[in-house]
Every structure is written in structure tokens, then in C-alpha cells.
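Q: Please read through the structure below; I'll follow up with questions.
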Amino acid sequence: MTIITFSSRRLLLLSSFSSRRLSHSLAAVAAEIWPSDSENWLDDATSVAESVAVQGDASNENSHQRSQKSRESGRPQDCLQEKFNSKFEVETVTDVPKLFNLLKKKRFNELLVAHDAMVAAKSSACKEMSIATYSRLMTQCGRELGPETVLPIFKRMLQAGVTPDVVSYTIVIQAFMEMETKQGKRSSESSTSGQGVWATRALELLREMRAKGLVPNMLTYKPIIAWLAAKGNVTLYHEFTKYMDEDGVPQDGVFKKNEIQFALSAGDLERAKGLYLAAKKENVQLVATLDAQFILEFATADKVAVVVDLLPKVLPNVRSIRSISAAFRCLGKHGQHETALQCFAILKEKGTSAKDRSFVLTAYILGYTKRDKLDDAVKAFQEVEERFQVKALASMFNILIDFSCRQGEISRGLDFLDEMQQRGLVLSHFSFNPFIREFARWTMIEEAFEMKAAMHRVSVQPSVVTYHSLIGICVKLGDMERAHNLFLEMKECGVATNTQCFNPLIIGFATQGRFDRALSVLKDMESAGVKPDVTTYRFLIFACSRTRNQEKAVQLYDEMQEHGIKPNQSIFTVMATVFAKCGNLDRGIKMVRAIEKSGERAGTETKSAILSGLALAGRLDEAFALYDEIKKEGVLPRAYAVGTLVAAVGKAGDLDRMFELFEESRSDNQWPNLNQRQRAEHLNIRCINVVLGCIRNNQLGRAIKFLKQVKEEGIADEGVLFEKIFLHISNGGEDENEMCWLDVEDGFTVVAAMRELGLRPSRISLEALLDGCAAMSDPEQAQRVVQEMEQEGLCLNIFSMIRLFRAYIAGEDEERALSLLNEMPASDLQDPDVRVLILQTLQPHYVAAADSPEAARAPETLPRVRARLDELLGTDLIPGTRIRL
């Protein structure tokens, strides 16, 4: 074979390389093309390799001399050329196999040089470079050296005059798409719905194929369709799938997966589910990630029939424990125990780790708890544990404890707690919180605190949920000091506080009318870095409605928005309630109109609060206008607002309209938000309003007729209506929404009606009126009740005096309260029950006085009454109670 020098190789390069490629420096080209090692690159021609080595060694000296002369003559390029001549003298490649040998040695640049030399020399080997040879060379280059090497071979094939066919086009398209994928991983230049540079070239190349009459095959379309599906490009996806139909390429197999992926990328989940199920029916093999994704989707959507059918088929390939757990949760929820057992066997056979199988068992039992069948859940757990040796985790027992407590089986939950200890499982606050939560729900305060003590005995730190439940029960029982002490303990223990801990304290103090303490908790909340939420401000504003502090409510409303908290309909409602109770209904109406003008909905609750205020204020025309406005929205106002309107219309003497409203409000399909008990109570109160309306307007006959209708239609028992009237008045005439239905004046009207009917009011009825006076803080009306009792010949006993005392205290009538204390028999004051009742009456005043020395001297804490009571009772603590003076 002929040996050529570097100079002759450079001539070959000049004849075949483009000017762009020649822009590199000679040194760069040489360094790129020629390896520095002495490895032989023609394994099948040893003699040639030896001759190259010998010639190279012999020329070293001459080469050195030429280089020295060149340096002395100042010709650096010739010097560099001489250097390369001496180091790289190689043999010309003249046959095709040796191109593949260079490829095998990953000398791509040498391969290109050799190919170009072969083509330039127009050797016989050029005839061997057929389309099949080029296709084979491109395939191996792409596989061994990367997709970037395919295009240079393809270009040289075209330069050599070889016409490309489907296979060669397909190889280049696949290379382009592989390069697009690599580029997409390196950068985010291409958008989700767009296409990148290499993908664009691939699409153009496929169109070029079809324009030349070449029919692409499945391998040609595969990478393009997959990429378009992943990108969700609707236009191009449909264009190229249409080409597939025209070219007779079936859209099955892997293309089913692409179609599913396209539907997912386009956000059409329902279509993707349908395509997936159709593919599974045809037994199309899909990737495990798709199986996992759709099992998760079907399980989350509670499609149990689909899960039962698919899970055993795909479980051997699915690795996602999240998807598997969701599927088992679905099986448990629907009691598909046999399918679950089959799938547990598959998990064991495929070698799923013991930890993952335990996690799946926990999910399965969690699903079972949704069926509200504790025994079935326990039986399922025990069978899986025994048959498949799956160890139960502590989290699973915590689920069973929570399930037991929710079903009221506290003792069963305690059994699970004992079993956890016997198994050596770690107890946590999750193990105890369900008990505390249920005890709190049933106001079993001592049991709740005993469970907290048990946590300390086994070294379990109470969590924020623990303290929230305990604070909640204390607030519910009105023990705000104990609630506040729990909060302080929580901070000392390092338990992170949140709004769920602060809000109950604010609610409790606000409900008791201790507005300053509620604001103090708000300051503590902000100091702790806990942001108030809508609930926080709702109850603070609600407290303003109780104290009728309109300006403070407005200040809180503005402050809330400054903190970035957007008011919702519950805030609008309490603001409307504040305005109504403060007698500023016009401001409330203005607020509602401004809300609706801004595009938001004020809501039925807010409008109902305004409606109730209008009715109470006697502005009936405006009230009915608002009533009709709410009805046009397809609903009725809230029950309490309709009740207020019925009562107001009755007071105004419009009995026909009163009965019309009553009939409209008694329909069973009204107020679906009320349960059966609340609906019955609502109708009872409406009946009372109707009876009172008739009595007030001297329509006793109409009242009696109505009572007969009530009895015949089973609306209520007319015999107990009078009792309910007095009982309702004794509670202050307010419902759970704190809207006033009745007052003591109505009670006197009922007493007069009873006398007209020949009935005498009993002591219970009149003492109920005394309780009503206390609830309504009306000592003057209490004096009137005493006169009624004297008229009926009923003397005041100690319990009547206590009721009267409550009315004086509620109305802050200190003089009358002191006088009544002095009239109470000393012997009765020694009775423990009497002492407790009296002290309970003054308990809020003692608590308020304890806040500060100034509060102890304040007139509203009744200091003289407290001092006199201390003298009479002579002790700081009632025996057997926790009530302190």
C-alpha cells in the first residue's frame, strides 16, 4: 500500500472538506484527527503496520534536521508541517471494511478523512459504498458514537451521488429526534406546545420523503409521534397521524401508548382513560409508568370495578408504591377482600420488600375504615398478616384506634393501644389523640386530661392537635382560665402554635364578652408569628356585635384587609349583624350594595342578617323587599330571619301576611341545611310567634283555631306550646343564632291570654319569666313578675329569690341586689346547693375582678355585692367544688 505524507493528506483534505471545516487551525485539525498513541489501527494488516512503524522510526532523524533548518530560516508553517510529517505517516484506506474498523475504534474524524480520500481517489471501493452500506454505517455510528455522527455520513452519501431510501431517511430522522431529546434535557428553550430545532428538521425530512414518493414505515413515524404526543401539539399530531393512515401504517402497539400520552398532554384525562382501557382489552403492552398512573387515577376516582380487573394484570410490572397503595385503599373501601388477597400474593411473589408490603397493608385497612365496619377491618388485617407474613406498622394500629374511637368503641381502641405495646411498636401522639378528641367531643373533660397524663407516663409528647382538643373542651365548658393555662404549657413545651390553638381562646373570651382578653390573645398571636385568619377576625367582630361596638368592628374589618386577608361571606354576615344590633341598618345595606357592585356575592347569610335587623326595627316594607329579592335568587332567607319577620308582622297586626309567611316556611323542602331536630324547633318557634301575634292583636279565637290546626296536622302539641313559650323566654328569647324571638313583654301577654282562657299561670311559668328577665338583663320587668306572683298568691321562696337576684346582677342593679341578699334567710344560705347557685351567679364578676386591681374596683364587677357575699358565706372555697370567692 502507498504511504503518504501529511502534506499529501492535507491536499486530500483541501479537496474534500468545505471551507468552514478548513477554518480550524492546522494544529487543531491534526490534534483532532491523529491520536497521540502508537496503537495500530489496522488489525488485519500487521505487515503494513510494521512498515509504518519502521518508516516512522527511520525518518525521525531526518525530520528533526528539516525542522531545525526550517526554524533557522523563519518558516514556522513548514516547521509545523515537518513536525507532523515526522510523527504521522499513515497508510491510505482503500476498502470499506476498514471504515468500519475505524468506527469500531471510535476514530470518527479519521473515518471521515478516510471516506473522503476514498471518494476523491475514485477507487474501486467506492462501488462497494451502496445505500445499504451507508445505512449500516449510519446505524452503527449512531449507536456507537452518538446521533450527532449520523448527519455527516448522510451528507457524504448524498455528495457521493447515492440516492437515499426509506431506511436511510428513517435512520436520520431517528437521530434528529434523539438529539432533540438530549437538547430538551439540557435546556428549556422549546416550549411545551412548540417544537425544537432538531424536531423541526425531522418533520421536514419526513415530509420530503413523502414528496419524493417514499413511504415512511412504523420506525420512521415512531419517534416523531412519540415526541408530538409528549408535547401535546394538537395540529402537528393530527397531521402526522393522518399521514400514517395515508401510508398504511397501523396505529397500534407503541402508537397506542403515544395516543394515550397525547390525550394526557392535552389535558383530556377522560379520553386518555378510555384509550388506556381499550389498549388493555387488546392486551397491548404499555410501559409500567402508564399502568401506575392509570391505576392511581382509577383508584382515586373510586372506580372499583376497573381496579379489580386491572390490578392483578399490571401489578407484576408496577413499582410505584403510591399507586399500589391507592389501589389497595380502593379495594378495602369496597370490601374486595379476595382480589386483595390475590394481589398480596403477587406482591410477595415479585419480591416486594417487607416494608412496602406493610405500607400497602396499612393503606388497605385505611380503605376498610371507610366502610364503618370495624370487625371486618380487623378480620382482613389478621388474615393478610397470617397468610403473607406482613408485619403491621404502628400507623396501621393508629388507624384502627382512630376508627374505634370514631365509632364510639373507646374500650376497643384501648385494646389496640395495649396490643401496640405488646408488639413493641412505638406509641405516638397519633395513638392518643383520637381518645382525647372523642372525650372532648362528649365534654368528658376529666377523661380527656387523664389520657394526656397517660401520654406523659409513656414519654409521648402531646402535639398541637392534643392541645387544640383540650383547649377546645375547656372553651366549650367556659373554663377559659384552664384553657389559657394549657396554651401557656404548650408554649413552654416547645409545641409549635398555630391558628387552631389561638382561635378557640379568642372565641371563648369573645363569647363571654371579655373583649379585652380576646384582643390580648390576638396580640400574642401576632407576637408568636402566627397570622390571624378569617375565623380569627370573624369571632372578634362577632364579639363586637355582643358589646355593640360598631367602630371597633369596622377597625377590625379594615385591619383584616390590610393584612391581606380577603373577607368572605361569613365576615360580611357578622358585619351585617353588628350594624343591625347597633341600629345602623343603613350602613349594613350600603355594605351589601357595595359588595354586589364590586362583582362579589354578599350571600344569603348576609342578606338574612340585614333582613332580620329590618324586621326587628319595624321597617317591614324594606324587609319584604329584601325578602322578595332573596327569593328571586332561588332560595329563602335563613330560618331565623324568616322567624323574625313572622314575629314582626304579627306584632304589626298584619295577621294575614303572618299566616302566609308561616305556610311558606313550613314546607319540608325548605332550608336543607337544617337537620330534623332544628327544623322541628324552627316550626315550634314559628307556631309560638303566630299564637303571640294573634293574642297581641286580641284575636284569641284565631289563635285557638290555629292551635287546633297545629294539633290536627301534627305540627306541634298545643298543650306544650305555652310551656315552650315560657321556656324560650327563660332562655332570653334567643335561638342558637342569638336572634331574639320573644321578650318578657310577650310573656305577660301570654299570661293575660291564659287568664282569659281560664288558666292560671303556675309558679314554674312565672319563675321562667324571672329567668327571662335575667337573660335579658331587665331588672324592671323582674319587679313586675314579682307583682304577678303576689297577685297569684305565690310567695317568694329561696329559689325565686335566686332567680330575682340573677336578674338584678345581670342588670347591674347593685342596690336591689344588696337589698335582696339581706332578705335571704340565713338558714337557706347554709345550704351548699344554694351557696353554689348564688356563687355561680357572681362567678363572672369574680373572674373579671381578678384581671387587675382596677378591675376589682370597677362598678361593673359589683364590688359591694361581692364584699357582702363574702361576709355572708364566710369562706373562699365551696366544699366539694372548685368555685372560689
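From the backbone N, Cα and C atoms, a Cβ is placed for every residue, glycine too.
Note that the structure is a prediction, hence the values are computed from the model and not measured.
Feature list, courtesy of TrEMBL:
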DOMAIN    394-549  domain 'PROP1-like PPR'
DOMAIN    690-833  domain 'PROP1-like PPR'
REGION    55-76  region 'Disordered'
REPEAT    130-164  repeat 'PPR'
REPEAT    393-427  repeat 'PPR'
REPEAT    463-497  repeat 'PPR'
REPEAT    498-532  repeat 'PPR'
REPEAT    533-567  repeat 'PPR'
REPEAT    603-637  repeat 'PPR'
REPEAT    762-796  repeat 'PPR'
Q: Taking residues 6+ outside the repeat 'PPR' (533-567), which of them lie with a CB under 8 Å of any CB in it?
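A: Distant contacts of the repeat 'PPR' (533-567): 499, 502-503, 506-507, 509-511, 513, 515, 518-519, 522, 525, 574-575, 577-579, 581-582, 584.
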Q: Please spell out the DSSP helix, strand and coil residue counts for the domain 'PROP1-like PPR' (690-833).
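A: Per-class counts: 102 helix, 2 strand, 40 coil.
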Q: Six or more residues out from either end of the repeat 'PPR' (603-637), which same-chain residues have a Cβ under 8 Å from its Cβ atoms?
A: 569-570, 572-573, 575-577, 579-581, 583, 585, 588-589, 592, 595, 644-645, 647-649, 652, 654, 664-665, 670-671, 739-740
Q: Taking every residue in the domain 'PROP1-like PPR' (690-833), what is their average pLDDT?
A: 80
Q: For the repeat 'PPR' (463-497), what are the DSSP-based totals of helix, strand and coil residues?
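A: Split by secondary structure, the repeat 'PPR' (463-497) comes out as 26 helix, 0 strand, 9 coil.
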